[in-house]
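Reading through the structure tokens given below for one structure.
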Amino acid sequence: MNPQANLIFIISLLLGTTITISSNHWIMAWTGLEINTLSILPLISKSHHPRAIEAATKYFLTQSAASALVLFSSMTNAWHTGQWDITQLTHPTSSLILTSAVAMKLGLVPFHFWFPEVLQGSPLTTGLLLSTIMKLPPIALLYMTSHSLNPTLLTTLAILSTALGGWMGLNQTQIRKVLAFSSISHLGWMTIIIVYNPKLTLLNFYLYAMMTATIFLTLNTIKVLNLSTLMTAWTKIPSLNAMLLLTLLSLAGLPPLTGFLPKWLIIQELTKQDMAPAATLISLLSLLSLFFYLRLAYCTTITLPPHTTNHMKQWRTNKSTSIMIAILTTMSVMLLPISPIILTIV
């Protein structure tokens with residue numbers, strides 16, 4: 001793709017996100033979501049591969065339906081209450097329609113079917129944008145309307161998302177699909193706490209985006225798309241592979257690493273809200289996703305595969321990893337000790 005065109009699309013993407021998260025009026029928020037959708041479509045389909053075109057078409061149809069539902073929800077609310085302000089969403093039917101629209105935008109169960117397919121058809125850099133920046137505007141809408149949403153519905157969606165995200169990721173061999181199901185599982189954790197403590201949702205999203213960015217950028221550096229090539233990629237940049245192992249374990253939420261912080265705080269908050277059964281259930285369901293993270297981590301660091309592969313051993317590359325990956329990797333692994341500072345900022 002032409003670099004100038006690429007730059008315009010990325011600037012439009014950032015502009016759409018900024019418009020949505022800074023708007024008070026439903027029409028402006030909807031406009032930002034539309035700009036976002038239209039600017040990511042060329043980035044998904046830039047390889048001109050049939051799978052990329054299919055991914056762009058699926059993405060367009062799903063997001064169009066979700067945007068129409070957002071508009072319908074806001075118009076219904078304005079009809080009944082006379083308010084176009086985002087924070088004044090008080091009508092129960094409007095809240096229900098908005099929850100469905102945002103679930104479709106984010107890829108929550110049962111509206112999750114498009115997300116793994118779209119991520120599989122996209123390049124790794126576009127997959128990074130889809131998994132991080134594109135999730136921010138819908139989460140901002142949830143944040144602004146959290147006081148009027150239905151807690152039971154959100155808890156149900158969250159538990160189903162965590163269950164299906166872990167369950168369907170178990171037998172995947174394509175890394176992008178594994179990361180898509182990982183994203184669905186993490187969105188479950190964000191959704192369950194949005195009504196009770198919206199700031200925890202934002203903290204979880206920021207840390208998830210940071211860890212996912214690290215993984216996508218690392219995979220883009222070592223040029224790996226599936227598990228069989230991941231097994232033989234350790235010879236390229238061994239130190240980066242070792243850090244990829246730690247980042248994957250951090251994304252799984254294991255205790256001494258950064259990813260444990262949001263899970264710990266969410267379980268603590270759910271227990272305070274007398275939702276210990278929901279906290280227990282979502283914790284047990286996250287063990288499913290832990291399994292495929294461990295599988296990825298095993299394939300990342302295995303130096304002698306248990307069976308002969310058809311892939312040749314890779315040459316070690318001399319190119320150094322970017323400073324961005326170094327910073328993100330360090331933060332993805334080592335932020336837990338400074339969690340009191342993070343909590344005072346958030």
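Placement of Cβ uses the backbone N, Cα and C atoms for every residue, glycine included.
Per TrEMBL, the features are as follows:
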type	residues	note
TRANSMEM	5-21	transmembrane segment
DOMAIN	23-288	domain 'NADH:quinone oxidoreductase/Mrp antiporter transmembrane'
TRANSMEM	56-75	transmembrane segment
TRANSMEM	95-115	transmembrane segment
TRANSMEM	152-171	transmembrane segment
TRANSMEM	178-196	transmembrane segment
TRANSMEM	202-222	transmembrane segment
TRANSMEM	242-261	transmembrane segment
TRANSMEM	281-304	transmembrane segment
DOMAIN	290-343	domain 'NADH dehydrogenase subunit 2 C-terminal'
TRANSMEM	325-345	transmembrane segment
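Just going by CB pairs under 8 A, the stretch in 5-21, 95-115, 152-171, 242-261 that sits most against the transmembrane segment (202-222) is 242-261.
Only sequence-distant pairs (6 or more apart) were considered; of these, fewer than three Cβ pairs between the transmembrane segment (325-345) and the transmembrane segment (95-115) are under 8 A, so the stretches are not in contact.
Beyond the ends of the transmembrane segment (5-21), by six or more residues, the same chain brings 28-29, 31-40, 42-43, 129, 133-134, 136-137, 140-141 to within a C-beta distance below 8 angstroms of the stretch. For the transmembrane segment (281-304), the neighbouring stretch richest in Cβ pairs under 8 Å, chosen from 56-75, 95-115, 242-261, is 242-261. Here the transmembrane segment (56-75) has Cβ contacts under 8 Å with residues 26-27, 29-30, 33-34, 37, 40-41, 44-45, 84, 89, 94-95, 97-98, 100-102, 104-105, 111, 114, 117-118, 121, 141 of the same chain, all six or more residues outside its ends. Predicted-model confidence for the domain 'NADH dehydrogenase subunit 2 C-terminal' (290-343) is 82, expressed as mean pLDDT.
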